[in-house]
Amino acid sequence: MPAKLSVNLNAVAMLRNRRDLPWPSVTGLGRAALAAGAAGLTVHPRPDQRHIRFSDLGDIRALIDDEFPQAEFNIEGFPSEAFLDLVEKHQPEQVTLVPDDPTQATSDHGWDFVSRSDFLAPIVARLKAGGMRVSLFADPDPLGYERAAAIGVDRVELYTGPYGATYDDPAAATRELDRLEKAANAATALGLDINAGHDLTVDNLPALVKRIPQLSEVSIGHGLTADALMYGMPVTVSRYIAALA
């Protein structure tokens, strides 16, 4: 079964926030993505609300519940108490925990599972008790994956930024794919499902899914939004789904 596509709406929200105006509509483009076949929507609300606003979360939850009940809502973020309160309020199907500093422009590394498993364990338990699937952002290095499995995580999301950066270097792309494949196989052996995200595009997805056929989901924002400016959201989503096939 092909990996599912979750459309990250942060870039849409960032464009909206350049003006004190309600467009482009985050929920409007989310609706277009889901209508075109996306399996879910992803957001990463940061404390300063520089792209996704806290008020967007209820709107997206309502959009999915009212119009696309088969779709999933994925909320990413560092597990501060404020973040945990947000996800417990809006009940996404999946919570993806990332080790970001709040001032970071974007997620650029995974968790150190060896040193942070004691911090993460009660958070994972709390979210799972609330009925949410939990994924942890992970570097493509299997060191410590057994710690992630031991604390009850459902999935790891492989950080694909270094792979995305090899768009003009085929040899480097092959090396990064080797790392990702090895990491994915190690996670699968531990009973973890695999997500992936960061700098994925129509061009680099086919090689990734060929190497990791067990991939459950990709969340894509920047590249997909850039393509949507050229082709429109419905056509763009269709192209990404085809790239995952």
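Cβ coordinates are placed from backbone N, Cα and C, and glycine is handled just like the others.
What you are looking at is a predicted structure, and each value in this text was computed from that prediction instead of being measured.
Positions annotated as 3-amino-2-oxopropyl phosphate binding site by Swiss-Prot, on the basis of sequence analysis: Asn8, Arg19, Asp199, Gly221, His222. Annotation note: His222 (3-amino-2-oxopropyl phosphate binding site) sits in a helical segment as assigned by DSSP. Neighbour list (His222 (3-amino-2-oxopropyl phosphate binding site), Cβ cut-off 8 Å, at least 6 residues apart, same chain): Asn8, Ala11, Asp199.
As annotated by Swiss-Prot, active site, proton acceptor applies to His44 (among others). The number of other Cβ atoms within 10 Å of the Cβ belonging to His44 (active site, proton acceptor), over all protein chains shown, comes to 22.
As annotated by Swiss-Prot, 1-deoxy-D-xylulose 5-phosphate binding site applies to Arg46, His51, Thr106, with the evidence given as sequence analysis. For Arg46 (1-deoxy-D-xylulose 5-phosphate binding site), the count of additional Cβ atoms within 10 Å of its Cβ stands at 19 [all protein chains shown]. Mapped onto three states, the DSSP output places Arg46 (1-deoxy-D-xylulose 5-phosphate binding site) in coil.
The active site, proton acceptor feature in Swiss-Prot is assigned to Glu76 (among others); the stated evidence is sequence analysis. Cβ contacts within 10 Å of Glu76 (active site, proton acceptor), excluding its own Cβ and spanning all protein chains shown: 27. In the three-state DSSP reading, Glu76 (active site, proton acceptor) counts as strand.
Annotation comment: Swiss-Prot describes Glu157 as site 'Transition state stabilizer', evidence class sequence analysis. Non-local neighbourhood of Glu157 (site 'Transition state stabilizer'): Thr96, Ser135, Leu136, Phe137, Ala138, Ile194, Asn195, Ala196, Gly197, Ser219, each in the same chain, at least six residues away, with C-beta under 8 Å from its C-beta.
As annotated by Swiss-Prot, active site, proton donor applies to His198. Note on His198 (active site, proton donor): other Cβ atoms within 10 Å of its Cβ, all shown chains, come to 24.
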Going by Cα-Cα distance, pick out whichever of the recorded positions His44, His51, His198 is nearest to Arg19 (3-amino-2-oxopropyl phosphate binding site).
His51
Between the Cα atoms of Arg46 (1-deoxy-D-xylulose 5-phosphate binding site) and Glu76 (active site, proton acceptor), what distance do you get, rounded to the nearest Å?
9
Out of Arg19, His51, which of the binding-site residues has the smallest number of neighbouring Cβ atoms within 10 Å?
Arg19
